Each structure stands twice: as C-alpha cells, then as structure tokens.
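J.: Quick paste of what TrEMBL says about this protein:
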TRANSMEM  94-113  transmembrane segment
BINDING   107, 250, 254  Zn(2+) binding site
TRANSMEM  120-141  transmembrane segment
TRANSMEM  153-172  transmembrane segment
TRANSMEM  184-206  transmembrane segment
TRANSMEM  212-234  transmembrane segment
TRANSMEM  246-264  transmembrane segment
C-alpha cells in the first residue's frame with residue numbers, strides 16, 4: 001500500500017506520524033505527512049487513489065457529495081413547484097452538499113497537513129455538521145407547521161439556539177485533549193430535539209402528510225443514532241484493530257450520515273408537489 005505526497009510513499013504506523021494525526025485504536029495505514037506545499041496535488045491524488053486508513057472516510061462522503069449535488073440540481077430544475085417549497089427543500093440539499101464536501105475535503109487533506117491547517121479543516125468539517133442539522137430542519141418545520149406559525153417559530157428558535165451553541169463550541173472548545181464532549185452533546189441535543197416537533201406534528205397533520213414525512217424522518221433519526229453509536233464506541237477497531245484499519249467506526253459513521261440524509265431526502269422530495277400554503281380546503285357547494 002502506498003500513499004501521501006507521492007504515489008509511491010509507503011504507509012506509516014501511528015508511531016511514525018505526528019500526534020494530531022493519530023486515531024484511537026488505529027495503528028497502521030497512515031499517510032506520510034506533506035513535506036512541501038507544492039506537493040498538495042500529488043497528495044490529493046494519492047489520498048484518492050490508494051488504500052490507507054482514511055480511504056473509506058474520503059470516498060463514502062465524496063460519493064455522497066455527488067448524490068447530493070444531483071439532488072440539488074433536480075430540486076432547482078423541478079417544474080410547477082412553489083418557490084417556498086423549492087427554497088426549503090433546496091436549503092436541505094445545499095446543507096447536504098456542504099457537510100459532505102467539508103467532510104471529504106477534511107479527511108483527504110487534514111491527515112497529511114501540519115497541525116494548524118489540519119485543525120482548520122476539522123473545524124470546517126464540524127461546521128458542516130451544524131449546517132446539515134440546520135438544513136434538515138428547514139423543510140420539516142416550514143412545511144409541517146405552515147398553518148401553525150407560532151409553534152413552528154418556537155421550534156425554529158430553540159433549534160437555532162442549539163446550533164449557535166454548537167458553532168461556538170466548534171471554535172472555542174472546552175477541552176484541549178480528547179473529544180470535545182460538550183460540542184457533541186450540543187449537536188446530539190439539537191438533533192434529538194427534532195422528535196418534539198415531530199410528535200406535535202403527528203397530533204394535527206392529515207394522514208397523507210404523516211405518511212409522506214414521518215417514515216423518512218424516523219429513519220433519519222435511526223441512522224444518526226446508529227452512526228453516533230459507532231462514532232463514540234470506536235467499534236470495530238476497539239475489538240479488532242486489523243478490521244478497523246480497513247473499515248473503521250468513522251467510515252461506518254459516514255455511511256450512516258449519507259443514509260440519514262438520503263432517508264430524509266426521500267420524504268422532503270415528496271412534499272415538492274404538495275400545497276405549501278395555508279389555505280382552507282374549499283367546501284362543497286350545498
């Protein structure tokens with residue numbers, strides 16, 4: 001296996017790379033740190049087209065990015081769709097593009113860069129997660145509470161507060177070593193809070209709206225929960241480092257993110273052709 005700033009550079013062990021590159025329970029498969037900035041293009045090519053412990057992390061979200069871009073193009077090109085519907089669903093599509101692009105870029109370049117640039121890329125990656133959560137709320141709140149503006153605005157405000165806290169903790173972490181658990185907790189709360197407006201929505205929504213939105217939304221929550229379980233547990237590399245060097249917990253987390261985005265996309269796409277206004281149905285003539 002070869003990698004890094006030359007296609008023939010051998011992979012390294014965790015003992016041979018800087019501390020900011022090392023991953024828990026992963027001892028092999030590291031790319032050689034970039035020595036010269038002008039070799040960045042070669043490092044990118046090597047990172048894309050050779051096997052190392054970040055290969056699946058890069059490609060899982062790079063392929064997901066291509067899917068998200070195609071969905072955004074389809075949404076923008078949709079005919080006969082209300083502008084508010086196109087804007088809300090388009091906001092979700094843009095957020096999916098943002099998180100997948102940021103993640104693929106960070107995993108491609110950060111492991112071969114010095115600590116400063118690497119830290120910046122990881123922060124951009126974290127910002128992408130915040131953007132994805134925000135974008136996921138937009139079509140659900142806008143469509144689901146189009147006739148219930150006050151609770152919709154309240155849910156939006158609570159979500160915004162959680163996202164602002166998450167963004168703050170991204171740039172001003174509370175821990176110097178290890179995982180910034182407070183940021184993870186803020187993101188988890190903001191995501192899980194979506195179950196509250198979902199439960200409220202189910203108390204008044206017509207059956208056709210429930211059938212359109214709820215299955216995809218529940219699937220999204222399920223995939224995120226599964227992904228977080230992989231992310232926090234370091235399984236499978238905690239159990240089998242050799243397996244983890246091929247398919248690690250972070251790669252499985254990435255797959256769950258794409259699956260969650262896809263699940264919600266299936267649901268919100270169904271709303272494009274629906275009526276996003278809050279007009280009472282015309283009564284039958286007596």
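A Cβ is built for glycine as well, from the same backbone N, Cα and C atoms used for every other residue.
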J.: For the transmembrane segment (246-264), which partner among 94-113, 120-141, 153-172 gives the most CB pairs under 8 Å?
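T.: Of the candidates 94-113, 120-141, 153-172, 94-113 scores highest.
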J.: At an 8 Å Cβ cut-off, counting only pairs 6 or more apart in sequence, do the transmembrane segment (184-206) and the transmembrane segment (94-113) clear the bar of 3 or more pairs?
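T.: Counting Cβ pairs under 8 Å, fewer than 3, so no.
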J.: Counting only residues 6+ away from its ends, which parts of the chain sit with a Cβ under 8 Å from the transmembrane segment (153-172)?
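T.: Same-chain residues near the transmembrane segment (153-172) but 6 or more away: 123, 126-127, 129-130, 133-134, 137, 141, 145, 180, 182-183, 186-187, 189-190, 193-194, 196-197, 200.
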J.: With a radius of 8 angstroms around the mean position of the C-beta atoms of 107, 250, 254, what other residues of the same chain does the Zn(2+) site pick up?
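T.: Output for this site, in sequence order: 54, 56, 57, 58, 60, 61, 103, 248, 251, 253.
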